[in-house]
Amino acid sequence: MVLIRVIANLLILQLSYAQKSSELVIGGDECDINEHRFLAFLYAGGYYCGGTLINQEWVLSAAHCDKRIIRIYLGMHTRSVPNDDEEIRYPKEKFICPNKKKNVITHKDIMLIRLNRPVKNSEHIAPLSLPSNPPSVGSVCRIMGWGSITTPDETSPNVPHCANINLFNNTVCREAYNGLPAKTLCAGVLQGGIDTCGGDSGGPLICNGQFQGILSWGGIPCAQPRKPAFYTKVFDYLPWIQSIIAGNKTATCPP
């Protein structure tokens, strides 16, 4: 994926963290066409991020995926050949935590998008439910996206790729990156070789069938040994998400 370019006063932060806003899944295989009905393809002059449909009118992605104009594809599999039920939507409203530190991209990296028109369930479109419980360390988790399938040179696939990774104790990411933002999950494969990558940002981390994370950051090159990616922890933001959807547009994210 194309890496997000951060303004000059964030260059020091980039030495410690590498943003994966346009990354693909490394070490995965083509997703089954029926396993990603909730997966959104975010386009702004080119594919740059993923997202997750959580009901007929709302998509969750990463805050760093926000752009002025976004086209959202749902029901897509092969980029060059649209499905019959593929839909295009635009944001009607976008919500980012009002207490997010604007100069720290990793802080509260979550964005809720209200679509300009609801979508209907179809053969290739259906929402993914929000988690009912937090994930457990050791869980097997599914990653997916149209991000780069090679690293460091990037190769963008025509179809989404999927792979399985493991959920780690957050100390693994703290040791790898000299820190870890709050309300974050750490996931990957310790020996390397499987990972999200450029273009996968904003896409889901699905652990034991539940939508638990939103891809935020990871190492560059992707898929290095002992360099897991980290994901915004969806469960910790449930009160904010549910309040916004219920109409409380001034809801504040947890500290």
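Glycine residues also receive a Cβ, built from the backbone N, Cα and C atoms like all the rest.
Looking up Cys222 in Swiss-Prot gives a disulphide bond whose other cysteine, out of Cys197, Cys253, is Cys197. Out of Cys97, Cys141, Cys162, the record in Swiss-Prot bonds Cys253 through a disulfide to Cys97. Around Cys49 (disulfide bond), taking its Cβ as the centre, 34 other Cβ atoms fall within 10 Å, counting all chains. DSSP assigns Cys173 (disulfide bond) to a helix in the three-state reduction. Looking at Cys31, Cys186, Cys197, the disulfide-bonded residues in this record, the fewest other C-beta atoms within 10 angstroms of the C-beta turn up around Cys31. Shown are the recorded positions Asn169, Ser201, Asn248; the one with the most C-beta atoms within 10 angstroms of its own C-beta is Ser201.
Across the structure, Cys97 (disulfide bond) and Ser201 (active site, charge relay system) are spaced 18 Å apart at their Cα atoms.
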